[in-house]
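**Q** Per Swiss-Prot, NAD(+) binding site is recorded for 47-52, 74-75, 111-112, 139-140, 244, 274-276, and the stated evidence type is sequence analysis. Look at Swiss-Prot and you will find 75 tagged as site 'Plays an important role in discriminating NADH against NADPH', backed by sequence analysis. Annotated substrate binding site per Swiss-Prot: 225, in sequence order. Summarising the annotation, Swiss-Prot assigns active site, proton donor to 235.
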């Protein structure tokens, strides 16, 4: 079978298995050649199969720390209807490369919100893996079933203060279109907080603590985004922003508990605007990111996921100098994005953009290429005309 890209309304319907393998390898090579750091040896990553979660896992294994890792993710292999998600193949090939280096790379495929997955992970930590030095919570999910009540919650991408209308790039047609987003109801806001807020992160932290699965001075980190004022209405002041504030407030509570019990630390890292499977859905975000990419590349400041995570660990978290937080206790990895000169140029370009010139005034080609690479396409060194043996793929297990 020949694997070809298929995009429908900004959602990738296909992935290329060996393109995913090459992209994982490219990220590994970047980390091996970047500034190294001494860090944790035992790491648990909730949401480990793509985006910041995958980059975190690769950086910790290959960027100096040589960490053994457990990855939890919800992915699917080959079925009658699908050829396997990119995350499925990322898990498989990360494990292959990590084990070649003598590292443990355990994958749990399932619903991270569920009691069953939590119990299985804790059992593995206690019986085989050893205590966790670092817990990363990087889950991006559209839905959550609360195991305590059985209630199902769906997250929404809406404002909380009236209708939003703004330009968005349609990657299927390569056109700039106008998107309208309605204001969320109170019920939708609360549901989004249930899915994308800090409740499940807190539950993982509590269970790991209760089951003596954490080393002394263990750290836990989750990821957030604030962005520029241009994105506030749909993001920071929208349903996602409400959920992220809940996440950030949860970090404060976890931090108090971990400091008291294990002399540990909990905080949120506010990251840069980057192409991920999750961010591609956000109205207007694609255009903002494409313009930002152009400006930051011209200033030699651009970072993709793996570059940002390697800098975070090497220059911030595991550097010799004291770790600095903002007034709300957050690590700011969006420091380069929010530089005054960067935002000034982004705003200047934004005011000039039309449906006819947006590809010239932004780095749309670079933005879309990064999106395609998330799914294993447009990667140098991959033979996309190769007829791939489906039966051989089916035998690969994460």
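Heads up, the Cβ atoms here are built off N, Cα and C, so glycines get one too.
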**Q** Rounded to the nearest angstrom, how far is the Cα of residue 275 (NAD(+) binding site) from the Cα of residue 75 (site 'Plays an important role in discriminating NADH against NADPH')?
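**A** Cα-Cα, rounded: 19 Å.
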**Q** To the nearest whole angstrom, what is the C-alpha distance linking residue 111 (NAD(+) binding site) and residue 235 (active site, proton donor)?
**A** 26
**Q** Could you tell me which three-state DSSP class residue 275 (NAD(+) binding site) falls into?
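**A** Once the DSSP labels are grouped into three classes, residue 275 (NAD(+) binding site) ends up as coil.
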**Q** Under DSSP, is residue 139 (NAD(+) binding site) helix, strand or coil?
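**A** Coil, per DSSP.
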**Q** C-alpha of residue 74 (NAD(+) binding site) to C-alpha of the residue listed as 'substrate binding site': distance in Å?
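**A** Cα-Cα distance, residue 74 (NAD(+) binding site) to the residue listed as 'substrate binding site': 22 Å.
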**Q** Let me know how many other Cβ atoms fall within 10 Å of the Cβ of residue 51 (NAD(+) binding site).
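**A** Residue 51 (NAD(+) binding site) is surrounded by 24 other Cβ atoms within 10 Å.
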**Q** Give me the CA-CA distance between residue 244 (NAD(+) binding site) and residue 225 (substrate binding site), in Å, as a whole number.
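**A** Cα of residue 244 (NAD(+) binding site) to Cα of residue 225 (substrate binding site) measures 8 Å after rounding.
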**Q** Relative to the Cα of residue 225 (substrate binding site), which of the binding-site residues 47, 49, 139 has the closest Cα?
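**A** Nearest candidate: 139.
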**Q** Looking only at Cβ atoms, how many others are within 10 Å of the one on residue 111 (NAD(+) binding site)?
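**A** The answer is 17.
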